[in-house]
Amino acid sequence: MLELSKIHNLRREYISKQFRRSNLTKNPMHLFSKWLYEAYCQIPDPNAMCLSTVDHTGQPFQRLVLLKYFNDKTIVFFTHLNSRKAIHINNNPKISLCFPWNIINRQIIITGSVYKISKKEAQKYFYTRPKNNQISTWASKQSTIISSKKVLKNKFLKLKKKYFQKSVPFPHFWVGYKININSMEFWQGGIYRLHDRFLYKKNKKKWYINRLSP
């Protein structure tokens with residue numbers, strides 16, 4: 001077991017390739033695509049991102065969700081319409097995302113507002129999922145209290161039997177969200193804590209870039 005007295009000594013030097021302005025792209029999503037591919041080649045779950053939302057009192061909440069689609073303008077994730085995150089988004093669509101690729105000394109932070117994609121788009125993605133995953137979506141009322149894991153498993157097995165030779169119906173509560181991106185910050189660890197940070201901010205459809213002090 002790690003002794004609490006030793007936690008303050010947990011540190012390492014971040015040794016990375018140079019990250020300069022000349023490495024940047026005009027559209028931050030092009031750099032995002034490059035970094036995502038490099039993360040994919042080196043770490044598990046590179047599409048896992050920490051989504052931050054706030055409730056009606058201003059209390060922030062965070063959780064990992066999976067990036068499922070992106071293009072030159074946006075990124076997309078999916079969830080239950082009745083989940084805690086979706087309820088927060090319904091009240092306040094402003095969110096923040098973080099891709100925590102600390103294993104390769106990188107991090108990307110994204111801010112913006114989200115809006116629902118069409119039912120047709122959500123349905124298209126839903127049916128790319130493995131059938132057992134489709135069934136588990138029906139079995140779980142996300143974020144609600146359950147008495148035990150057994151209750152959830154029994155419901156799943158009952159539904160699995162029901163849809164053994166049938167298609168799983170599309171859940172009316174399954175929703176996808178697109179992000180209208182306002183800013184993207186690319187961070188790369190540097191030796192002696194001289195990290196590199198570049199912030200893209202959008203103003204009237206144009207991206208402006210600034211280097212930030214670490």
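If you go along the chain as it appears here, the first residue is 1 and each next one adds 1.
Even glycines carry a Cβ here, placed using N, Cα and C.
Annotated substrate binding site per Swiss-Prot: Arg11, Arg12, Glu13, Tyr14, Lys68, Tyr125, Arg129, Arg193, Leu194, His195, in sequence order. All protein chains shown were included, and the count of other CB atoms within 10 Å of the CB of Glu13 (substrate binding site) stands at 11.
Under the heading FMN binding site, Swiss-Prot lists 63-68, 78-79, 84-85, Gln107, 142-143, Trp187, Arg197, citing sequence analysis as support. Less than 8 angstroms from the CB of Arg63 (FMN binding site) sit Cys50, Leu51, Lys85, each of them six or more residues away in the same chain.
Each of the binding-site residues Gln107, Ser143 was scored by the other Cβ atoms within 10 Å of its Cβ; the lowest score goes to Ser143. The binding-site residues in question are Val65, Leu67, Leu194, and the one with the fewest Cβ neighbours inside 10 Å is Leu194. On its own chain, Arg129 (substrate binding site) has Thr137 as residues at least 6 apart in sequence with a Cβ closer than 8 Å to its own Cβ.
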